[in-house]
Amino acid sequence: MAKVFYNGDINEGVLQGKTVAIIGYGSQGHAHAQNLRDSGQEVIVGLRPGKSWDKAAEDGFQVYSVREAASRADVIMILLPDEHQPTVYKNEIEPELSEGKTLAFAHGFNVHFNQIVPPATVDVFLAAPKGPGHLVRRTYVDGAGVPGLVAVYQDATGQAKDIALAYSKMNGSARAGVIETTFQEETETDLFGEQAVLCGGTSALVKAGFETLVEAGYQPEVAYFECLHELKLIVDLMYEGGLEYMRYSISDTAQWGDFQAGPRVVTAETKQAMKDILSDIQTGKFAKGWILENQANRPEFTAINEREKNHPLEVVGRELREMMPFVKAKSKGVVGSAKN
């Protein structure tokens with residue numbers, strides 16, 4: 001069973017007198033910074049000049065260049081997109097990592113795949129709330145919290161785990177529960193979930209369903225509602241009470257269709273494909289491809305992204321959403337939000 005820590009298990013005193021630098025002020029960055037500050041922690045923000053700098057300053061933080069913030073801080077939490085972290089780390093953070101400092105992440109990708117190799121003289125931990133930044137902040141303000149993960153990659157001082165837990169407590173996660181994990185487990189399961197289920201699997205399933213109906217002569221508008229729009233209704237039920245509550249809430253006809261058709265859509269071959277995807281993640285094949293894609297300035301990523309925007313599902317969806325002002329597009333930073 002997983003080891004879970006709550007507020008009463010954690011001594012936040014290990015952070016007393018220390019300065020925490022939040023590097024990045026996006027989806028997760030603004031939430032971490034404000035939550036820790038409201039918990040009584042000394043917090044500064046490290047950024048490059050731009051809108052985020054102005055926003056952090058407006059929110060009352062002392063804002064510095066990344067290198068200056070890293071120099072001033074005892075604990076440095078990097079909350080930048082994965083693809084930007086290695087360069088920023090190498091040029092602006094690593095030179096300021098004196099012995100005994102702490103380097104922190106909310107996603108283990110760059111450490112696990114050796115894109116960031118910290119010196120042996122610093123602590124390295126992961127503190128990852130399992131929710132988007134706006135929810136991390138809102139639940140904290142409401143007196144609750146989003147569950148989180150915590151892991152130690154390197155313990156140079158003997159206090160890395162205590163510091164990681166204290167950070168998670170101050171961010172509100174220990175109000176709900178903090179699960180101990182490893183950088184490897186967090187990274188590999190996070191990538192697998194995104195690729196096989198949450199993003200890759202779901203978007204491919206929705207498109208295939210839409211295309212099947214349209215190719216059979218049904219109106220694209222009706223196909224959109226049945227295959228994409230109503231997905232939220234089902235996912236919300238699953239989110240609230242698992243598959244059991246979803247099945248309790250739908251009609252018996254829908255539930256019987258679930259039992260009969262589901263195994264025909266997701267077959268043994270589908271599960272084998274999932275295992276192959278997991279293998280690509282575990283061996284580093286996926287990471288290598290993504291790193292090379294970024295080094296080449298993302299030609300394939302950009303081409304696929306543009307093609308997908310013009311899929312008939314997207315075209316009809318944009319038209320239908322104009323009929324539904326109650327449907328508002330949310331900002332990026334939900335799945336993989338720790339990267340922002």
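Every residue, even glycine, has its Cβ placed from backbone N, Cα and C.
What Swiss-Prot says about this one:
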ACT_SITE  His107  active site
BINDING   Tyr25, Gly26, Ser27, Gln28, Arg48, Ser52, Asp82, Glu83, His84, Gln85, Gly133  NADP(+) binding site
BINDING   Asp190, Glu226, Glu230  Mg(2+) 2 binding site
BINDING   Asp190, Glu194  Mg(2+) 1 binding site
BINDING   Ser251  substrate binding site
DOMAIN    2-181  domain 'KARI N-terminal Rossmann'
DOMAIN    182-327  domain 'KARI C-terminal knotted'
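Here the features listed in Swiss-Prot are placed on the structure.
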{"residue": "Tyr25", "record": "NADP(+) binding site", "contacts (Cβ under 8 Å, 6+ apart)": "Ala33, Val45, Leu47, Ser52, Trp53, Lys55, Ala56, Leu79"}
{"residue": "His84", "record": "NADP(+) binding site", "contacts (Cβ under 8 Å, 6+ apart)": "none"}
{"residue": "Glu226", "record": "Mg(2+) 2 binding site", "contacts (Cβ under 8 Å, 6+ apart)": "Gly209, Leu213"}
{"residue": "Ser251", "record": "substrate binding site", "contacts (Cβ under 8 Å, 6+ apart)": "none"}
Candidate with the highest Cβ count within 10 Å, taken from the binding-site residues Glu194, Glu230: Glu194
Residue among recorded positions Arg48, His107, Gly133 with Cα closest to the Cα of Glu194 (Mg(2+) 1 binding site): His107
Residue, out of the recorded positions Arg48, His107, whose Cβ gathers the largest set of other Cβ atoms within 10 Å: His107
Separation of alpha carbons, His107 (active site) and Asp190 (Mg(2+) 2 binding site) (Å): 9
C-alpha spacing of His107 (active site) relative to Gly133 (NADP(+) binding site), in angstrom: 14
Helix, strand or coil at Gly133 (NADP(+) binding site) [DSSP, three-state]: helix
Counts of helix, strand and coil residues, the domain 'KARI C-terminal knotted' (182-327), according to DSSP: 123 helix, 0 strand, 23 coil
His84 (NADP(+) binding site) - helix vs strand vs coil (DSSP): helix
Candidates Ser27, Asp82, Glu230, namely the binding-site residues, that fall within 10 Å of His107 (active site) by Cα distance: Asp82
Cβ neighbours of Gly133 (NADP(+) binding site) where a neighbour is any other Cβ within 10 Å: 27
From binding-site residues Ser27, Arg48, Asp82, the one whose Cα lies nearest Glu230 (Mg(2+) 2 binding site): Ser27
For Ser27 (NADP(+) binding site): DSSP state (helix, strand, coil): helix
In three-state DSSP terms, the structure that Arg48 (NADP(+) binding site) belongs to: coil
